[in-house]
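The substrate binding site annotation in TrEMBL covers N9, W10, K11, G173, S212, G233, G234. Positions annotated as active site, electrophile by TrEMBL: H95. Among the features that TrEMBL reports, active site, proton acceptor is placed at E167.
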Amino acid sequence: MRKIMVAGNWKMHGSMSMVETLLGGVIDGLDDTMPVDVAVFPPAPYLPQVQAMANGSRVAWGGQTLNPNEQGAYTGEVSGAMLVDFGCRYVLVGHSERRTLFGESDADVAERFEAAQRDGLVPVLCIGETQAQREAGETEAVVAAQIDAVLDRCGIAAFDQALVAYEPVWAIGTGLTATPEQAQDVHAFIRDKLSALDGRIGGQIRILYGGSVKSSNAADLFARDDIDGALVGGASLTAGDFLGICRGAS
Ligand SMILES: O=C[C@H](O)COP(=O)(O)O
């Protein structure tokens, strides 16, 4: 039985006072009617504040990206070990904004996935197709290639301590959500692909959906066999909205 995870990717949003209000509201609002694992991904400067507030609570936290090198002259970058220093358990790798805005290739993402595990973090591998790729019938080929890059570098065993987030690019921040059926189809494809290599790993890995998830559509998504939670952007910036999504798992 895979437990639902609801993860909030705050992207480049926030301030110290916003973190105080938002994270405080989430921690205070979580209750037994929300049988979920919860994680937040703040901008790196707020990690110490998140650590201080969330330590000992139900909320885990992680980094939005990492540089795969252990240290060195990489101005502006953050290493996995630095994330671990601030109590991070998770790190996002390959978010579509990293791929499109910062030029991360499938191979770059695989390198970050490997580095995350080397440094003791659980990578959340983000994959998904663009609108044009979906319309061209390439969705499965695109997500397969994104997964294959990691498989080629790290092998199937690496997926034992990892999550996958399927985020169709056309649904991110657009208000367009994949229908539960569309999302389920891709999630089943991903699980089948991993299960063909290792049935236990394919069966236990959590596959989150991301793309305009809100409290109004969360329950319908979470009811699908292969949708094990959500990676939430916009709706994770307000405690009430985020808690409403957590409630969708009850
Ligand atoms: O990481 C989260 C995704 O990019 C989804 O963002 P969104 O919920 O604002 O569409």
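Here the Cβ of each residue, glycine as well, is placed from N, Cα and C on the backbone.
Known features from TrEMBL, placed on the structure.
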residue	record	DSSP class
N9	substrate binding site	strand
H95	active site, electrophile	coil
E167	active site, proton acceptor	coil
G173	substrate binding site	coil
S212	substrate binding site	coil
G233	substrate binding site	coil
Diameter of the substrate binding set by C-alpha atoms, the set being N9, W10, K11, G173, S212, G233, G234, in angstrom: 14
Environment of N9, W10, K11, G173, S212, G233, G234, the listed substrate site - residues of the same chain whose CB lies within 8 A of the CB centroid: I172, V232, A235, S236, L237
Annotated recorded positions N9, W10, E167, filtered by Cβ under 6 Å to ligand 1: N9, E167
The residue listed as 'active site, electrophile' and S212 (substrate binding site), Cα-Cα, nearest whole angstrom: 15
Cβ-based isolation winner (fewest other Cβ atoms within 10 Å) among the recorded positions K11, H95: K11
Among G173, G233, G234, the one of these binding-site residues whose Cβ has the fewest neighbouring Cβ atoms within 10 Å: G173
Rounded Cα-Cα span from H95 (active site, electrophile) to W10 (substrate binding site), Å: 12
Long-range Cβ environment of the residue listed as 'active site, proton acceptor', under 8 Å and at least 6 residues apart: H95, S96, C126, I127, G128, Y209, G210, G211, L231
W10 (substrate binding site), number of other Cβ atoms within 10 Å: 22
Cβ neighbours within the same chain of N9 (substrate binding site) - under 8 Å, at least six residues apart: F41, Q64, L92, H95, G210, L231, V232, G233, S236
Other CB atoms within 10 A, centred on S212 (substrate binding site): 20
